[in-house]
Amino acid sequence: MEGLVTLILAAGLGKRMKSKHPKVVHKVCGKPMIEWVVDAVEEIGSKEVIVVVGHKAEEVKEVLKERVKYAYQEVQLGTGHAVMMAEDLLPEEGNVLILTGDTPLITSNTLKELINFHIKEGNSVTILSSVLEDPTGYGRIIRDKSGNVIRIVEDKDATEEEKSIHEINSAMYVMDIAKLKKALRMITNNNAQGEYYLTDAVEIIRDMDGKIGAFTVPSEEITGVNSRVQLFEAEKIMRKRINYRHMENGVTIVDPDTTYIGAEVEIGADTVVLPGCVIEGKTKIGSDCEIGPNCRIVDSEIGDGCSVTYSVILSSKIKNNVKIGPFAHIRPETVIQSNVKIGDFVEIKKSIIDEGSKVPHLTYVGDAEVGKNVNMGCGSITVNYDGKQKHKTVIGDNVFVGCNVNLVAPVKIGNNAYIAAGSTITEDVPEGALAIARSRQTNKEGWVQERIKKGRL
């Protein structure tokens with residue numbers, strides 16, 4: 001919105017979180033709380049965003065980097081004091097949207113409606129309010145007999161009569177900047193907490209003949225996060241929003257209550273997500289896939305028509321029509337091309353598996369290039385580590401690797417080669433060759449009976 005400046009208060013200690021980290025960097029559905037707020041503000045086109053930081057400021061700056069400007073509140077002396085610390089960064093006129101960094105559930109639609117209401121009503125201050133069944137802990141909106149807002153009283157300073165009011169202050173506002181700057185010079189810390197309340201500025205602006213209004217929204221959006229329990233509650237609401245959005249876009253989520261999908265995940269239409277899945281980071285999943293049950297996928301790309309069952313995929317790329325699992329572990333920097341099968345109890349690490357190949361079960365492939373239409377037998381492994389360094393295995397196209405084979409890297413297997421079961425391969429295998437590297441079998445007939453006679457069995 002043209003000319004709008006946003007001020008986000010994020011300097012609090014967050015003592016109830018019992019954490020060494022600032023409250024606002026704790027994550028909701030994989031994204032720091034403060035980032036949810038900044039995202040919502042950017043969606044409405046705020047001209048400038050200023051964040052007031054204090055406690056562990058560097059951690060907040062590490063999250064937001066250069067997306068915003070910063071003001072510093074070295075000592076936490078209340079919300080009014082926090083705004084004072086940013087006063088020099090505010091223009092002389094216009095409107096400022098004041099938000100808190102611990103309200104990740106606020107949406108851009110609500111902010112647009114709040115600002116439009118403020119402008120339409122010609123208010124000097126518009127308070128974002130809500131009606132709570134239990135308003136304990138929140139400041140109350142005090143209205144006169146005509147319903148006009150006259151002031152806000154903090155919970156700790158409220159009388160018993162005022163505490164019976166259920167309309168609460170969310171600590172989010174739109175304010176006329178010129179009037180706000182005048183009011184900041186007049187507020188005092190003469191209250192139970194010895195702090196400078198921004199709420200006092202509301203009453204001062206009213207006394208300047210400024211019009212005060214309140215825009216009421218559902219309580220869900222203004223919920224602040226002050227403890228781990230409230231973090232869980234916010235997470236639950238956000239997870240429901242995310243899951244419902246995917247379902248509305250054509251994704252089947254069989255049990256949304258047991259499905260965790262991060263904020264930045266993309267999923268194509270007609271994909272089915274079964275119970276117990278955790279899909280995080282910047283993961284992209286194509287159409288017509290079946291994911292789960294009980295999978296974890298992080299920062300990975302999965303193409304169309306794939307099946308992933310009881311498996312973990314980390315920072316990897318999976319092309320189309322790939323079957324993975326059950327109980328496979330795809331580790332970072334792996335690329336699996338189309339029409340590949342990765343079966344049960346298989347681990348793939350930093351490797352390329354080319355089209356049409358099969359790694360069906362009980363196999364480790366690390367630091368390897370596996371060609372097209374390769375079959376890796378049960379129990380086959382690439383021996384990639386010599387105790388100091390990792391080494392590469394290269395397997396050509398149409399190679400058959402028998403069961404219980406060790407490929408000791410660095411080693412190359414030529415196209416169309418066969419590796420006999422039980423072999424430990426330490427040298428390159430030529431194209432089209434059969435490699436056998438195992439001891440000959442020796443049968444000692446009558447050995448068992450002889451041992452029995454001697455009392456040794």
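The backbone N, Cα and C atoms fix where each Cβ goes, glycine too.
As annotated by Swiss-Prot, region 'Pyrophosphorylase' applies to 1-228.
Applying an 8 A CB threshold to same-chain residues 6+ apart, the list for K23 (UDP-N-acetyl-alpha-D-glucosamine binding site) reads G12, L13, G14, M17, M33, G101, D102, V225, N226. According to Swiss-Prot, the UDP-N-acetyl-alpha-D-glucosamine binding site annotation covers 9-12, K23, Q73, 78-79, G139, E154, N169, N226, R331, K349, Y364, N375, on the basis of sequence analysis.
Note on the region 'Linker' (229-249): residues 17, 26, 28-29, 33, 36, 104-105, 220, 223, 256, 259-263, 265, 267, 269, 273 of its chain, located 6 or more positions outside it, place their CB under 8 angstroms from a CB of the stretch. The annotation region 'Linker' is assigned in Swiss-Prot to 229-249 on the grounds of sequence analysis.
Taking the Cβ of H361 (active site, proton acceptor) as reference, residues of its chain lying under 8 Å away and at least six apart in sequence are, in sequence order, G343, D344, F345, V346, C378. DSSP assigns H361 (active site, proton acceptor) to a strand in the three-state reduction. Residues annotated as active site, proton acceptor in Swiss-Prot, with sequence analysis given as evidence: H361.
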For Y364 (UDP-N-acetyl-alpha-D-glucosamine binding site), the number of other Cβ atoms found within 10 Å of its own Cβ: 20
Surrounding CB atoms that lie within 10 Å of the CB of R331 (UDP-N-acetyl-alpha-D-glucosamine binding site), all protein chains: 17
N169 (UDP-N-acetyl-alpha-D-glucosamine binding site), number of other Cβ atoms within 10 Å: 26
Counts by DSSP class (helix H/G/I, strand E/B, coil) across the region 'Linker' (229-249): 20 helix, 0 strand, 1 coil
Listed binding-site residues (G78, G139), ranked by Cβ neighbours within 10 Å, top entry: G139
CB contacts for L9 (UDP-N-acetyl-alpha-D-glucosamine binding site) [other CB atoms within 10 A, all chains]: 26
